[in-house]
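> The structure follows.
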Amino acid sequence: MPHALGLTLAVLLLGLATSLAGPFMSLFAVQQVGMTPLQLGLFLTFNALSAVLVSTRLGRWADRRSDRKPLVLLTLAAGVLAYLALSGVRSVYGVMATGVLLLAVSSAAFPQVFAFARSGFAQAPGDLPEKAVTVLRAVFSFAWVVGPGVGAAVLGRWSFSGVFLLAALCYALAGLPLLFIRPPAPAPAQPNSAPSPLTQELGAPPAPPMGWVVAAFTLYGMAMHMGMVMFSLFVTETLHGTSAQVGFLVGLCALLEIPVMLLFVLSKRLPGVEWLIKAGLLLFVVHFALIYLAQGMPLLIATQVLRAAVLAVMAGLGMTYFQQLMPGRFSAATTLYSNTSVVGSMLSGIVAGAWAQVFGYRPVFLLCAALSLAAWGMMLWATRRPKLA
């Protein structure tokens, strides 16, 4: 695979940059900047909306260019500038402006780097491009296993300024290997080439309507983020567990997610991506139902094994699925996939908070199960095949 090592290093450093600072952004806004809960909500909402708008625009622009690298480097440079600014700015409006103007652009680094990698792998034979992207997604997940712990250690010793300076350094280093990667030459037309094993299922016309697919992934994103936000509160407040137990369960899920992703790469024969995604959504329904029923650690451990399998499918293959549905538009496809998670996250905070306020923490997971079931139904409807006469 061309430039695989350089791209792997860039993805690892990008993952470290986002995972070092991301988990502590709300804490920084409240403790260091002095934002009120309303200001924090506005800050996070404006950031998310700006990120969706900017990344969508950049994704469309990138697909019209023969060389995507300048845009990739632009998003990484925005990350450097954003975290350099946050290491010194302590005014509410200054931090908000940094978020809307710089963090929004840096959020496009994830889809742009992966689109750049996918376009570079485009001429590899068979299903190697899809498998290579899955490996890179596993590397990004590994960075999120390591990054928050490193960020917490840096925060304890050098405060928020140290965390943000380290994140800026990771953004800068992520761009270095990309400087030495030449843009891929246009792929020659191969009308008689056979489809790869990962794309065989998508060969049957018509292609699923993107509106239904996007809606399904957005509902999945809502369920995923709602479950993630409320899980620690459910364990500690409802089941009277400890923060150490929460850390163990979350860490177990993150660790198991990576080998499951790599299993997709190493397996010789796989069901179609479409089938795996629908199966993953059904498995998510079971995952949330079991959390709702859980009374202690044994069942909670089982739920995290299921969650790891679901996240491996949806994160590892979801991006590939969008790229298959939008052939030749790698930036737009990857950006659209990424934006479903951003929008789902934005909606999840409001809905989860209101639901927990009225019904308590445990029923939140029934709502997550319902959202996952609705997402599965949408995917089932979107991918239905016309019956032959």
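From the backbone N, Cα and C atoms, a Cβ is placed for every residue, glycine too.
For reference, Swiss-Prot lists these features for the protein:
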- 10-30: transmembrane segment (TRANSMEM)
- 34-54: transmembrane segment (TRANSMEM)
- 69-89: transmembrane segment (TRANSMEM)
- 96-116: transmembrane segment (TRANSMEM)
- 135-155: transmembrane segment (TRANSMEM)
- 161-181: transmembrane segment (TRANSMEM)
- 211-231: transmembrane segment (TRANSMEM)
- 246-266: transmembrane segment (TRANSMEM)
- 281-301: transmembrane segment (TRANSMEM)
- 308-328: transmembrane segment (TRANSMEM)
- 341-361: transmembrane segment (TRANSMEM)
- 363-383: transmembrane segment (TRANSMEM)
> What else in the chain is close to the transmembrane segment (308-328), if you only count residues 6 or more beyond its ends and a Cβ gap under 8 Å?
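Counting only partners 6 or more residues beyond its ends, the transmembrane segment (308-328) has Cβ contacts under 8 Å with 63, 114, 118, 130, 133-134, 137-138, 141, 198-199, 202, 207-208, 210, 213, 217, 220, 224, 252-258, 260-261, 263-264, 273-274, 276-277, 279-281, 283-284, 287, 334, 336-337.
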> If you count every Cβ pair below 8 Å, which range out of 96-116, 211-231, 246-266 shares the most with the transmembrane segment (341-361)?
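The stretch with the most contacts is 211-231.
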> Counting Cβ pairs closer than 8 Å, which of 34-54, 69-89, 96-116, 211-231, 246-266 has the most of them with the transmembrane segment (161-181)?
69-89
> With Cβ-Cβ distances below 8 Å as the criterion, list the same-chain residues six or more beyond the ends of the transmembrane segment (96-116) that contact it, or say none.
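Result: 7, 10-11, 14, 18, 39, 42-43, 46-47, 50-51, 53-55, 58-59, 62, 68-69, 71-72, 74-76, 78-79, 81-82, 85-86, 89, 133, 136-137, 140, 171, 174, 178, 319, 330-331, 333-335, 337-338, 342.
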